[in-house]
Amino acid sequence: MSDKINLMNLTRQQMRAFFQELGEKPFRADQLVKWIYHFGEDNFDHMTNINKKLREKLKTVAEIKAPEIAVEQRSADGTIKWAMQVGDQQVETVYIPETDRATLCVSSQVGCALACTFCSTAQQGFNRNLTVSEIIGQVWRASKIIGNFGVTGVRPITNVVMMGMGEPLLNVANVVPAMEIMLDDFAYGLSKRRVTLSTSGVVPALDKLSEMIDVALAISLHAPNDELRNEIVPINKKYNIKMLMESVNRYLNVSNANHGKVTIEYVMLDHINDGTEHAHQLAEVLKNTPCKINLIPWNPFPDAPYAKSSNTRIDRFQKTLMEYGFTVILRKTRGDDIDAACGQLAGDVIDRTKRTAQKKRFGKEIGTHQIY
């Protein structure tokens, strides 16, 4: 393992401090960040506005290292899924091009501890948190492949969603700095409305998030009552729907990124959570929370105990919610032919603990609020 500092682990402010420690002017950090993220450069020799002496010094103490591509799969609909190598394991990153945008779905952990029953990632177990460089490096690597680095007015990626493998709010220490780089005008310069963090509801971390960063928020709700959510989203046993929605409203009260509305994500599981009675219950849960609702057709994975809701049931569910005045969008399934659709990401995870032991550890950490 290299003892050089990976500059992708540093925000621009941290990099300014790094250059000061080297006896250099802090503005060198601004130059370097622009080279790395705006131009996609990882070779110090190519950074022509930095003097040769400093470039040689940097080569002895620092490196610029992003995850490498292990496997690439391309869908018939244009979606691309990459398995990215992080140490001896792999996480998955998905690029979703559309007419007016290009979205990158980024992973935050190797595996996931939350054990949501309808999600393929959760079945892999949990290994570790990704570092800042492994998170922002997914964006860098994808941008490098897609191209258009440094082309004025052209962005290879217009939106980033923290909706890949893992629970972002259980890795705040690395997710937040990575998102800061996404927002930094010297790096990717994305609008805070174009960077979305999706969470299953780690309430203490969500309450602290607004003190650290302002980005768009999506809530993986998936059930309209505690009894059902306890079964399919087990973190609900610790932080129930009432606690979660109160935390969401607190975040919305101080956030500018969300236009006053949160996105509610709701996977459609046949005869599990897709009945008309569930729609009425969901409307009651959300009546005091400004939101838009994304209905997500469930995407199958091996040995899963669920079936996808029929179009008839989805349509009835959607119309019931719309009668209450909610904005309800049916998410178009993308990349399902390469297992890149929502809930299908798996990667290559070495589960460090058996699932029951992991759940006990997870519950202890959450109980003491040691969340990052």
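Cβ coordinates are placed from backbone N, Cα and C, and glycine is handled just like the others.
Quick caveat, the model's predicted, so the values are computed rather than measured.
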Check Swiss-Prot: it lists G166, E167, S220, L221, H222, N299 as binding S-adenosyl-L-methionine. Then name which of S143, S191, S198, S310 it lists for that same site.
S198
For the S-adenosyl-L-methionine binding residues given in the record (G166, E167, S198, S220, L221, H222, N299), what is the largest pairwise C-alpha separation in angstrom?
19
If you compare CA-to-CA distances from L221 (S-adenosyl-L-methionine binding site) to each of the recorded positions E92, C105, C112, C116, C119, which comes out shortest?
C116
For C119 ([4Fe-4S] cluster binding site) and E92 (active site, proton acceptor), what Cα-Cα distance in Å is obtained after rounding to a whole number?
14
Looking only at the domain 'Radical SAM core' (98-337), what is the model's average confidence as pLDDT?
93
